[in-house]
Amino acid sequence: MRVLSATLLAGAASAAAPPFQQVLGAHKEYAENVIQQGADAFKPLQHLQDQFKSLSGEARQLWEEVSNYFPESMESAPLLSLPKKHTRRPDSHWDYHVSGAEVQDIWVSGAEGTKEREVDGRLEAYNLRAKKVDPSALGIDPGVKQYSGYLDDDENDKHLFYWFFESRNDPKNDPVVLWLNGGPGCSSLTGLFMELGPSSIDSKIKPVYNDFSWNNNASVIFLDQPINVGYSYSGGSVSDTVAAGKDVYALLTLFFKQFPEYATQDFHIAGESYAGHYIPVMASEILSHKKRNINLKSVLIGNGLTDGLTQYGYYRPMACGEGGYPAVLDESTCQSMDNSLSRCQSMIQACYNSESPWVCVPASIYCNNAMLGPYQRTGQNVYDIRGKCEDESNLCYKGMGYVSEYLGQESVREAVGAEVDGYDSCNFDINRNFLFNGDWFKPYHRLVPGLLEQIPVLIYAGDADFICNWLGNKAWSEALEWPGQKEFASAELEDLKIVQNEHVGKKIGQIKSHGNFTFMRIYGGGHMVPMDQPESGLEFFNRWIGGEWF
């Protein structure tokens, strides 16, 4: 979860007592409902003031109360994101074209001899473009095969950019991983160049080889989503998570159709921050299609926002010295945060019950102002409790500015086929639109029990992060209702040690696991674990995709 607006995210943190949680027992029904929403998800927020007039008295009173507390936040509600300037490249620029309509029209003989589609899903609106990227032209992982391109939905004018890096090791057998950054509204190319990709960008705006890249033993796809993030673009807007699920299913289906040499390998989805929203939806969408060419084996969520009702109860403990690091706030501020917690949790609970923007938006604004503000006003880095925010214009990290400058260069955009006129690491408008559509506190954690029935789920958390801290991630994973809840919650944290290199035996964190569910605490990692602890990050990643814990 990137904090993109000090106005929206100023507040208090919360108490150590575990909050109550309503979990929908019929998680399969919930998953089906979420997936069905995808058809209506590509609709920007419109006519907010007109709709406000039709609210019930109680809902209107809540909005007016929050508006009085935080007028600048509420004034942002009617605004929409502007389309990105772009120039579509001619078909001759691309090496490969895949038509979703043609893929959907492939029929095969079923088990009983009847004709059936080779793959499920509505793909007719989608097309995939791809080109070979010359590694030597960019100086990024020379000798490693790379593809980049766009998933196009021309009906809705959506164009999602991706960049694929083949495994450095054994690409014919190594797994494939989709990586997603959060925000909402932040480019996954920041994850590529700041965290786990084959290169970082130095202060001279030059690529530097990354020995700890996750493509050491896996092929990795970095996807800029939702639309109007990074190199992706659209003439419209998007304001919630469910649309992404169908887009990602289409992207993967068409990509593996064009490049079948990767389709039989194990496939995993990994991401951080607001990807704690994205990943349960995307994985549920994939698993809902019985006939698919996507060999989904697991998901990994790092320092994610997944269950706000539980997680917001752990801002006060983390800020006040109970997360393993010295307190950032004084005793009186910690007490005021305790005092705000019950109101915040009751508002989130109401959002969980209704999932209405008119309930969820006030909850988001109140809780973000009440739960995050005291910490944020100290100037401390919300992504790393150990230091100050060094560059407010780049979300506290100078390196993000280097990445933006590099990816904005015309030569780089030409090399990867980017069609936008520039590059921004994060789109503040998308962040605001998601919040004002009520997506922030939607209970997407209710999809996780359905995932656990079919695939392993890893929740990992760097223990120096504040914004999506390890205390809250541990708490929600233990509170989740699923058949193995009791055994998982009661399991003790055990030492996580390096086993694969010269530092064998070094403690890098703690782990607990039962059935298909695993939680990891990574020592010394902030919001971006692979950046802060590259050795530890690659260690647990390699062992996870190798199947050690499932």
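First residue shown is number 1, and so on along the chain.
Placement of Cβ uses the backbone N, Cα and C atoms for every residue, glycine included.
Which of C320, C351 pairs with C334 is settled by Swiss-Prot: its disulfide partner is C320.
Here the candidates are C351, C367, and Swiss-Prot names C351 as the disulfide partner of C360.
When you check Swiss-Prot, the disulphide partner of C186 from the set C396, C426 turns out to be C426. A straight line from the CA of C320 (disulfide bond) to the CA of D465 (active site) spans 13 Å. Taking the Cβ of C360 (disulfide bond) as centre and 10 Å as the limit, one finds 26 other Cβ atoms among all the protein chains shown.
Burial estimate for the disulfide-bonded residues (C320, C344, C389, C396): highest at C344, by number of other CB atoms within 10 Å. Checked against S273 (active site) by C-alpha proximity, the recorded positions N217, C344, C389, C396, H527 yield H527 as the nearest.
Long-range C-beta contacts of H527 (active site), restricted to its own chain and to partners at least six residues apart, with a cutoff below 8 Å, comprise E272, S273, N303, V382, Y383, D384, G462, D465, I467, C468.
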